[in-house]
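Novice: Straight from TrEMBL, here's the annotation block:
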{"type": "TRANSMEM", "residues": "12-43", "note": "transmembrane segment"}
{"type": "TRANSMEM", "residues": "63-81", "note": "transmembrane segment"}
{"type": "TRANSMEM", "residues": "93-115", "note": "transmembrane segment"}
{"type": "REGION", "residues": "139-180", "note": "region 'Disordered'"}
{"type": "COMPBIAS", "residues": "160-173", "note": "compositional bias 'Basic and acidic residues'"}
{"type": "TRANSMEM", "residues": "241-263", "note": "transmembrane segment"}
{"type": "TRANSMEM", "residues": "344-362", "note": "transmembrane segment"}
{"type": "TRANSMEM", "residues": "432-448", "note": "transmembrane segment"}
{"type": "TRANSMEM", "residues": "460-479", "note": "transmembrane segment"}
{"type": "TRANSMEM", "residues": "485-507", "note": "transmembrane segment"}
{"type": "TRANSMEM", "residues": "519-541", "note": "transmembrane segment"}
Amino acid sequence: MSNWPPPPLQEAYCAYSIILMALFWCTEALPLAVTALFPIILYPMMGIMDASEVCIEYLKDSNILFIGGLLMAIAVEHWNLHKRIALRVLLIIGVRPALLLLGFMLVTAFLSMWISNTATTAMMVPIAHAVLDQLHRTPTGKDVEEGSDNPTFELQEPSPQKKETKFGEKDNGQVHPVPAASLEPTAQQPEELRFSQGMSLCVCYSASIGGIATLTGTTPNLVLQGQVNSLFPQNGNVVNFASWFGFAFPAMAILLLLSWLWLQILFLGFNFRKNFGIGGQAQERARAAFRVIQTEHKLLGPMTFAEKAVSLLFVTLVVLWFTREPGFFVGWGNLAFPDKDGKSMASDGTVAIFIGIILFLVPSKIPGLTPDPENPGRLKAPPALLNWKTVNEKMPWNIVFLLGGGFALAKGSEKSGLSEWLGDKLTPLQNVPSPAIAFIICLLIATFTECTSNVATTTLFLPILASMAQAICLHPLYVMLPCTLAASLAFMLPVATPPNAIVFSFGGLKVSDMARTGFLLNIIGVLVITLAINSWSYPIFNLHTFPSWADTNNTANCLATTPRP
């Protein structure tokens with residue numbers, strides 16, 4: 001039995017496992033996380049990997065980084081810090097139509113870099129509708145002077161959507177929309193309806209776009225890091241928080257700006273004088289809408305001790321991430337915790353868990369001699385910034401298993417020889433120019449992710465692309481990075497991603513509106529990703545050479561080479 005199954009059959013068995021899981025992920029016959037557990041059963045039974053080897057893949061460093069990043073995101077949500085940031089930025093930018101679009105897109109993109117795309121959208125859409133209600137309402141003296149309270153704001157706290165936070169992931173196709181208590185746009189004029197549609201779409205699109213900027217912003221980014229570390233153990237931590245940010249943030253900024261221009265042209269027209277709200281009545285309406293935002297900001301009151309503490313820890317976390325092992329200078333990880341090669345033994349996950357534990361230790365109020373009302377004579381300690389009940393309610397544990405299942409698939413492909421077999425079959429692609437390969441991959445993934453979970457999409461394609469790159473002596477990241485970014489280009493359908501579904505549930509949109517807007521946005525996204533991978537990504541990831549860490553048996557004859565023009 002020690003020779004069972006025969007070696008040639010292992011590749012076929014592994015391919016069968018992947019096809020079976022792909023079928024279940026695409027049809028969602030089972031929850032995505034349940035399907036992700038298949039390798040624990042299939043691989044040992046098929047003789048591909050030992051059970052203990054498979055199980056180790058389910059809690060790798062990328063999973064720990066995911067959990068640690070979410071602890072901070074949950075703390076930001078729990079103390080309503082994200083709402084304060086959003087309202088403050090909107091007060092700075094103003095509420096003229098074109099600037100209002102830009103303001104909501106900037107705020108939503110920034111928040112989705114750090115917290116769930118779904119939770120960000122659930123918070124921002126009610127604010128957008130409340131502001132639109134004022135813009136489209138005939139202004140009265142009272143409105144202009146005071147602004148009007150809008151019950152839409154009350155939908156944010158507490159929001160059921162926050163309990164379904166999926167960190168940018170598609171929750172098995174089951175999106176729990178915010179209870180839209182008659183949230184149909186109040187616009188009566190066609191141009192007002194178009195502006196309402198544009199405002200709604202700008203929120204969900206910028207949530208998806210913003211998530212690509214940071215390694216923890218959306219789950220496919222972590223899938224990439226985990227699979228690179230699994231397939232190429234000697235890669236020297238090439239994909240870390242700093243390197244990813246340097247590559248993805250400029251792409252995100254360009255895509256966000258082009259998206260703003262496209263939405264402005266499509267929903268506001270080419271009259272830029274009108275778009276920027278230059279006119280008497282428009283100014284009065286803008287003033288009334290501005291008062292609504294100002295009133296809501298005042299209702300938050302001054303920053304509490306808890307908000308200040310979370311803000312300080314958040315900034316500390318980001319600084320520690322950037323300076324741990326940035327590559328272009330010696331980081332604190334290299335100095336304080338070096339291994340025998342001088343590399344940092346502490347990872348981004350280490351930093352995230354360290355700050356996460358501090359959140360459970362720091363009190364939410366300045367400790368004082370406060371008597372306990374339930375036990376007279378005893379002092380009551382203030383609660384911590386985070387407690388396990390809150391974390392347990394808001395932590396999407398299913399994504400941890402989904403990530404692990406992806407890493408197990410990648411490892412099984414390598415162990416069984418399937419990766420090597422695929423690489424051999426894909427060698428004819430060596431005659432195709434590299435930019436053309438990257439462009440085709442972006443188009444393929446952007447189309448596939450409209451109907452399938454973005455995590456499942458990256459999980460299935462990344463090992464195949466890595467094998468292809470090895471076979472044709474191309475830097476693996478040259479094809480893996482575009483695949484990962486393109487998985488976030490889900491703009492055309494309401495079911496493509498939870499932010500789209502939330503916006504669609506508010507009413508005022510047809511599927512044709514979203515498809516028409518999202519189609520060109522997908523094309524713009526593919527072009528921006530192609531630009532990114534063929535320009536500033538080269539010095540960041542050293543893409544002009546075939547790396548030694550990717551040189552395995554099937555690529556032993558690969559020499560340092562420049563990607564073909």
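Placement of Cβ uses the backbone N, Cα and C atoms for every residue, glycine included.
Mind running through what each feature is packed against?
Specialist: With a threshold of 8 Å between CB atoms, the same-chain residues lying at least 6 positions outside the transmembrane segment (344-362) that come near it are 61-65, 67-69, 71-72, 75, 215-216, 237, 240-241, 309-310, 313, 316-317, 320-321, 324-325, 331, 333-334, 336-338, 384-388.
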Novice: Might you confirm whether the transmembrane segment (519-541) is in contact with the transmembrane segment (432-448), defined here as three or more C-beta pairs under 8 A between residues 6 or more apart in sequence?
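Specialist: Yes; at least 3 Cβ pairs under 8 Å.
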Novice: Which bits of the chain, at least 6 residues beyond where the transmembrane segment (519-541) starts or stops, bring a Cβ under 8 A of a Cβ in it?
Specialist: 205, 238, 243, 246-248, 250-251, 254-255, 258-259, 262, 435, 438-439, 442-443, 446, 475, 477-478, 481-482, 485-486, 489, 491-492
Novice: Give the nonlocal contacts of the transmembrane segment (63-81) in its own chain as ranges (CB under 8 Å, at least six residues past its ends).
Specialist: 114-116, 119, 157, 162, 165, 167, 215-216, 219, 222, 225-226, 300, 304, 306-307, 310-311, 313-314, 317, 347-356, 359, 364, 385-386, 390-391, 394-396, 399-400, 403-404
Novice: Please give the sequence-distant neighbours of the transmembrane segment (12-43): residues at least 6 beyond its ends with Cβ less than 8 Å from one of its Cβ atoms.
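Specialist: For the transmembrane segment (12-43), the nonlocal Cβ contacts are 5, 49, 51, 54-55, 57-58, 170, 172-173, 397-399, 401-406, 408-409, 412-413, 415-416, 418, 451-453, 455-456, 460.
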Novice: Do any residues, 6 or more residues outside the transmembrane segment (93-115), come within under 8 Å Cβ-to-Cβ of it, and if so which ones?
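Specialist: Apart from its flanks, the transmembrane segment (93-115) reaches 69, 72-73, 76-77, 82, 85-86, 121, 123-124, 127-128, 131, 135, 165, 168, 195, 198-199, 202-203, 205-211, 213-214, 216-218, 252, 256, 259-260, 263-264, 268, 272, 274-277, 282, 286, 289-290, 293, 314.
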